[in-house]
Amino acid sequence: MGGWAIAVHGGAGVDPNLPTHRQEEAKQLLARCLNLGISALRTSLSAVDVVELVVRELETDPLFNSGRGSALTENGTVEMEASIMDGPKRRCGAVSGISTVKNPVSLARLVMEKSPHSYLAFSGAEEFARKQGVELVDNEYFITEDNKGMLKLAKEANSIVNLVSIITLTSKDVGTMVRDIYEFDYRIPILGTCSAGAGAIESALQMNGLPISIYAPETVGCVVVDSQGRCAAATSTGGLMNKMMGRIGDSPLIGAGTYACDLCGVSCTGEGEAIIRGTLAREVAAVMEYKGLGLQDAVDFVVKERLDEGKAGIIAVSNKGEVACGFNTTGMFRGSATEDGYMEVGIWDQD
Amino acid sequence: MGGWAIAVHGGAGVDPNLPTHRQEEAKQLLARCLNLGISALRSSLSAIDVVELVVRELETDPLFNSGRGSALTENGTVEMEASIMDGPKRRCGAVSGISTVKNPVSLARLVMEKSPHSYLAFSGAEEFARKQGVEMVDNEYFITKDNKGMLKLAKEANSIVFDYRIPILGTCSAGAGAIESALQMNGLPIIIYAPETVGCVVVDSQGRCAAATSTGGLMNKMMGRIGDSPLIGAGTYACDLCGVSCTGEGEAIIRGTLAREVAAVMEYKGLGLQDAVDFVVKERLDEGKAGIIAVSNKGEVACGFNTTGMFRGCASEDGYMEVGIWDQD
């Protein structure tokens, strides 16, 4: 073993009905980011530089839920957050409530390296960004048409899901309601039959209280071990669709969404509350340290034991050049590669 | 063993020259809060209710750095944060950037119980507070004269050490001694550094653990700075096994995931509570300075710190009660 390794993710919890062309788009973006990271690793960039570089690319591309293309708050705005951690010495930086900084992960890095603190948020963070001269844009820059549509659906889903749970409707009623509500939703085929309508509601996978067809996987992340065995991790997100203003999720929280130490680098994604109460990212490292588990066993153990009813996914690398991932969700956008030539991009369990 | 246990803290890292009357004031407040918690435990209040109750008391009293009496930001305002965690099911709630809510720990509890999220901050948190009808006050309510003075000193300390607590220097050797022996925490001389938090951990008579931590944060901090106190796994943690609250250098506590670590070494290494606290203080802090209080589901209580002093008090159902500041207390 040994050598470098890299993994990226674009969120856990994927609509099983995601149209094929969107799956392809996602896989192409993941592959492009992997390759970006691989090139950087081949030029001996350090792990923390590589994770920042790759997450910047994921933020800039509007496809996943970070930077441009972030999920929207209940008010239709974007509030982003990110964290980064450097394994050697466990240095870390994080930001929350970012609304005008083009690349939140880079601001998190500046917090780590240029401020006396570890975590800055909201207007204080924006002020720091201004003083640091980072690239600032209007909040509109981050908002996409896709996500405006999704916000609308999410708001309607809160009423329809509540309604269905308290009223017994005939299949026909449900089918009609669903068709009317989902007139604008490219992710659910227009429902022509009652049974399909009822089926759509009954089989509605949920994450974070939203039907899976509307739920936007919450984050992007990257973990890297470089050829010197240094691990790093970074995670970035727009957060939960239709979230309350001021809501902070797991992505900026060290030990929850992101963790790196001498042994490994970890980034998590999924239901924020489950990741926070499970201190998921730290847990992978802790079971390696305290139980002597190897990387994949540690990831599997944590997914199995620390989530209770929660849904999440994890990517991780070890200082030995290994890469691993695990998830208990329906799908996770991910890619991994190692110096020995292994490379894989996938979405589903069986990928 | 078994039975209830409770510990409180008012921060780690204490000026060794703290005047005696201030030490007495602190010990009286710690004792009063312990007794408040003990009465509540005797009336069978649950652990989560007790930690909230006790931390509210610590926030309301201006002595320590939380609620009224919070440290000030670089702009002279107060931005508070808090977190609370309920061991059974590991439910949690946290808030940051609070400037008009009288008791941040209670807002953190509302986030846990009345919002779909775990952590709310700044104006979004204040808006939630308003909708929940919690008690709101002006930011000035939280600001004390003491802390205005400390802020001034902290700003000056960034260039030169000037502090009214050091006797006017008449001899060079005393002067040199004062500078050389300047303990530092979080980059500030210890004479100016305001210990950062208050906290409470409880196990009730049903063996349920809970923890809560609250703070105004670091004196002269940047606006928007978040420390370890609202971060689950760093400043606060509770699970089936134990409840933990930490205080000290925020960065060290965050990168060390200190509160979670105590529980993790109990779970994964089979250490008992005090051994776990000692292990974490020794192994997880590197050059960092911090203190920990913890209780276990077996009714034990423990604390540990590598700082010069930690304002603390502990009690357990078997009649043990102790309030202290220094190592040898």
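Numbers here mean position along the shown chain, with the first residue as 1.
A Cβ is built for glycine as well, from the same backbone N, Cα and C atoms used for every other residue.
Feature annotations, reproduced from TrEMBL:
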ACT_SITE  B:T197  active site, nucleophile
BINDING   B:R225, B:I226, B:G227, B:D228, B:T247, B:G248, B:E249, B:G250  substrate binding site
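Structure coloured by features recorded in TrEMBL.
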residue: B:T197; record: active site, nucleophile; DSSP class: coil
residue: B:R225; record: substrate binding site; DSSP class: strand
residue: B:T247; record: substrate binding site; DSSP class: strand
Recorded positions, contacting chain A; criterion Cβ under 8 Å; candidates B:T197, B:R225, B:I226, B:E249, B:G250: B:R225, B:I226, B:G250
Longest CA-CA distance among B:R225, B:I226, B:G227, B:D228, B:T247, B:G248, B:E249, B:G250, per record bound to substrate, angstrom: 16
Integer Å distance between the CA atoms belonging to B:T197 (active site, nucleophile) and B:E249 (substrate binding site): 10
Inter-residue C-alpha distance, B:G248 (substrate binding site) and the residue listed as 'active site, nucleophile' (nearest angstrom): 8
Cβ contacts of B:D228 (substrate binding site) (under 8 Å, same chain, 6 or more positions away): B:A234, B:G235, B:C246, B:G250, B:E251, B:I253, B:I254, B:L258
Nearest of the binding-site residues (B:I226, B:G227, B:T247) to B:T197 (active site, nucleophile) - Cα to Cα: B:T247
